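Annotation source TrEMBL lists GMP binding site at 68-72, 189-190, 238-241, 245, 262-265, 338. The Mn(2+) 1 binding site annotation in TrEMBL covers 69. Per TrEMBL, the feature Mn(2+) 2 binding site maps to 100, 189. If you look up TrEMBL, you'll see 262 marked as active site, GMP-histidine intermediate.
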């Protein structure tokens, strides 16, 4: 974990994202070509973020966090599409590292603050919702624009956070094995973006909410780097600590605004998952299967037990068969670090 020295440096993270991290020596220029939006989401404005959120952001950069966030060492055990796998550097037996984390307490606080503000503002716009978690405001309203600006800053914090962890992992592997690690792709999830899509025969600017979902650009999309243009955007879909994860690729004709699932999805809440199983029991069970788990909290491990999630193989097959993305490779866990 890095502790930012002051608010000015935090401001640069919030507006510069992964690009700022690379400029500070935490990565290489090629990394940014493999990041969504070149590693920087435009429109960020730290003035739309509360003091509490900023304070939380100062001390959490370069950390995984709790919940389902992880750093996992994996091995490719199956390749479904050799043509797409080749430019991605994926072959059977290849060792990879998958990192899942985001904007940490800063992003959580931004969400909490703006949901509260939207709850108070909905009456002005004649909006009523059945659940406070559905609080919303018109996207072009001052409240809507304030949220988008704060959310973009959180996205940039998340991108810088992952870039720091990526470079730290790269250096550890280089020291231990003498082999460098190349970034395959960095893409956000749980994000709203203003994008242009064809609707009813016309191109329209829309706000695409990807909640529990991630972007999946098709081949030859203008935002893809040249070496991936022919195969589509790499789509990273993690499983659980004891099951496979997948790399997919975007496809032409995706009916969901270039989106697909982000992960397996829960069948048990965190409370339900931890109620009858201890973290130590989960750790021991996974160890018998050759999977090493390290975490700062036994409860976090219990909450994230494999049985708490849907069958990831079925989720992937559904995405593949429904034309949201196509299977490229399956990766199985060797070791997992929970935040």
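The backbone N, Cα and C atoms fix where each Cβ goes, glycine too.
Among the binding-site residues listed here, namely 100, 262, 265, 100 has its C-alpha nearest to that of residue 69 (Mn(2+) 1 binding site). Least packed by the Cβ count within 10 Å, out of the binding-site residues 190, 240, is 190. Annotation for residue 68 (GMP binding site): same-chain Cβ neighbours under 8 Å, separated by at least 6 residues, are 100, 263, 304. Recorded residues residue 189 (Mn(2+) 2 binding site) and residue 262 (GMP binding site) have their alpha carbons 7 Å apart, per Cα-Cα distance.
Local packing around the Cβ, expressed as the count of other Cβ atoms within 10 angstroms, is greatest for 262 among the binding-site residues 69, 189, 262.
Here the Cβ of residue 265 (GMP binding site) has 12 other Cβ atoms within 10 Å, regardless of which shown protein chain they belong to. In sequence order, 64, 97, 98, 99, 100, 101, 165, 169, 336, 337 are the residues of the chain that are 6 or more apart from residue 71 (GMP binding site) and have a CB within less than 8 Å of its CB. Within 10 Å of the C-beta of residue 100 (Mn(2+) 2 binding site) there are 20 other C-beta atoms, taking all protein chains into account.
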